[in-house]
Amino acid sequence: MAQALSEEEFQRMQAQLLELRTNNYQLSDELRKNGVELTSLRQKVAYLDKEFSKAQKALSKSKKAQEVEVLLSENEMLQAKLHSQEEDFRLQNSTLMAEFSKLCSQMEQLEQENQQLKEGAAGAGVAQAGPLVDGELLRLQAENTALQKNVAALQERYGKEAGKFSAVSEGQGDPPGGLAPTVLAPMPLAEVELKWEMEKEEKRLLWEQLQGLESSKQAETSRLQEELAKLSEKLKKKQESFCRLQTEKETLFNDSRNKIEELQQRKEADHKAQLARTQKLQQELEAANQSLAELRDQRQGERLEHAAALRALQDQVSIQSADAQEQVEGLLAENNALRTSLAALEQIQTAKTQELNMLREQTTGLAAELQQQQAEYEDLMGQKDDLNSQLQESLRANSRLLEQLQEIGQEKEQLTQELQEARKSAEKRKAMLDELAMETLQEKSQHKEELGAVRLRHEKEVLGVRARYERELRELHEDKKRQEEELRGQIREEKARTRELETLQQTVEELQAQVHSMDGAKGWFERRLKEAEESLQQQQQEQEEALKQCREQHAAELKGKEEELQDVRDQLEQAQEERDCHLKTISSLKQEVKDTVDGQRILEKKGSAALKDLKRQLHLERKRADKLQERLQDILTNSKSRSGLEELVLSEMNSPSRTQTGDSSSISSFSYREILREKESSAVPARSLSSSPQAQPPRPAELSDEEVAELFQRLAETQQEKWMLEEKVKHLEVSSASMAEDLCRKSAIIETYVMDSRIDVSVAAGHTDRSGLGSVLRDLVKPGDENLREMNKKLQNMLEEQLTKNMHLHKDMEVLSQEIVRLSKECVGPPDPDLEPGETS
């Protein structure tokens, strides 16, 4: 057993060593890869630091200028918007005020006209009514003329009729002549009536027109009042909006001013933060490089230690594999040592894996920083393009400066003629040189590494020129008398400077060539950028396709997993059904076990009762045997009283112990009681003889010597049989005690199984039934377990053993009952030959 265990442990140790070796190889490969990646990352970081330092210096000024320009443009836009809003508001206000003044004038005119119409007469009202009243007057005049024409026609007709009537009256005589004045008399009355009616009608019409005009004037006045109220409300709203706009303008102006100040402060803070960040990044990079170098040294040392430990372990394993079969105990000790060393190696491996994880995290952090720096690098490349454009502009400015310098040389030649012009040109040159110095300083800060030593020389020369010019100006201001001599020296210097400027022009041409080369490099970078963008797009498309494929695969896998889940659920249902069947079988087995236990208890009770009866019978038989021995001794001592033997047998037949044995027999000796009853029924005359000596039948006077010898022989045989029975009873007691012990032991085993199963199941689930052997099986044996068949076999074996033991107990009980019956028969049997001769006699 120890040898098998040591071989298993040896195999396990070999497997662990192989795993450690593979892990070591993997770790060494990962370390090599990480080292290569770190070197590439360091190179990238160094290159990016250089580019970052270049671009940051260029950004520090370009950003400020751009942000200031943006803020100024925003401020100008806001001011323009405010001015436009103010102009719009002024125009709206002026139009509203003009409309309001017009409405007020119209209202005043209408009120005056209304008062005049109310106060004035009808004619004046008609005269002042306007074009409508004039139209009515024309209509009325036309009607009046028409009426006059009608009246004229009527008068003519009336005149004709009057002429006819006068002719008739002349023909008839004088009497009708008196009627003429009566007919002509009503004519002026009719004319007066007509005029009166016409005037009346005209007055009525004028009155109606006046009422209509008053109603229209009232409606117009109400409408104008409503419009006035609306316009006043609009005016109030416009004034409120104007005040609001004024306040908003002030707030916007203040906000823009505050924003400009905040942005300037933020620029300064950002500049400081960027400087601090760059310093911090440089420090972190230096610390990371140092830590990487230290980790590399540690890793190399640990790798060497690992290799040495692995070699030592391999040597030990080879030695142990050679001597494993011969030295088992030594292998066990070495296995323990190897376990400790393996534990230490596992700890070292865990530490190394942790360190590797830390390194991976650091590499991921560095990769993230690299991505950020790459993004910043891309921004800087865009800014670099802007700076290149600015560089071209600066080169153009340099060309212009060269032209200006040539012009300055010509002006310097004319300085001897005109001192005042020289002063003015010197001042102009000073201002232009200041601007040139500022531009050159900006270019110096922006293109420090690109232009290099040539630009430094150029800037030094420009600064020297500026210093010389300033010095010359100071000398001109200090001493006017020596200006001519100094100007002559300056002319000589200017000639030399023109030569230097020619050399500078050559350098500028070289710089232009460099700029052209930079433009070519820029085009190459742009092409590379386009290629990178195309590759990025292709990679994105590939990633999208891969994502689609992964999603499709995931959907297919999900479908497969769902089908597998359905199959597993079906299997679980089948297992549940099998579990229910097993639980049913376990419950039936539990019931059977309970029945067998109850039967065993009943049999134990019966066996204990039978043992008690047998012990009682043995005790009584011993007493009887003692009495019989005493009687036999008495008979042997008194050979004359042979008839006492017969009395003894009869008294034994009728003794209370005999009746007690018959009454106190067990359930298993039921046949023995029946036999005793038969014997008692057959031995009634013997009882009567022993109970009443007066009514005894005549007995034989003496027994023969042969009969006495037979009796002694029978007594000896009965005594031997009694001893045999006692030995059998003792054997049965021992076997029953062993059976009781076996039963107690098995019940204790079952109780221990039950307790263990209860403890195990109480941890898992506290609501299961734990009573009996069925609960034990239900708790220990779950459906689908591989040990179910073994447990069933064990239970079957236990049941078979219990059944066989029960069968043996039944057989032993039957044997005991048969022995008891036989003993009772033998005990009852000896008096029969005595009774037979008595009956015969």
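From the backbone N, Cα and C atoms, a Cβ is placed for every residue, glycine too.
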Phosphoserine per Swiss-Prot (candidates: SER643, SER666, SER771) = SER666
In Swiss-Prot, the member of SER84, SER608, SER690 to which phosphoserine is assigned = SER690
Query = Taking 212-231, 412-431, 532-551, 792-811 as the choices, which stretch does Swiss-Prot tie to region 'Disordered'?
reply = 532-551
Inquiry  = At a C-beta cut-off of under 8 Å, are there same-chain residues at least 6 beyond the coiled coil (785-814) that contact it? List them, or none.
reply    = 582, 589, 592-593, 596, 599-600, 603, 606-607, 610, 668, 732, 735, 739, 742, 746, 773, 777
Ask   = Mind checking how the region 'Disordered' (532-551) divides into helix, strand and coil residues in DSSP?
value = 20 helix, 0 strand, 0 coil
Query = Which residue counts does DSSP give the region 'Disordered' (558-580) for helix, strand and coil?
reply = 23 helix, 0 strand, 0 coil
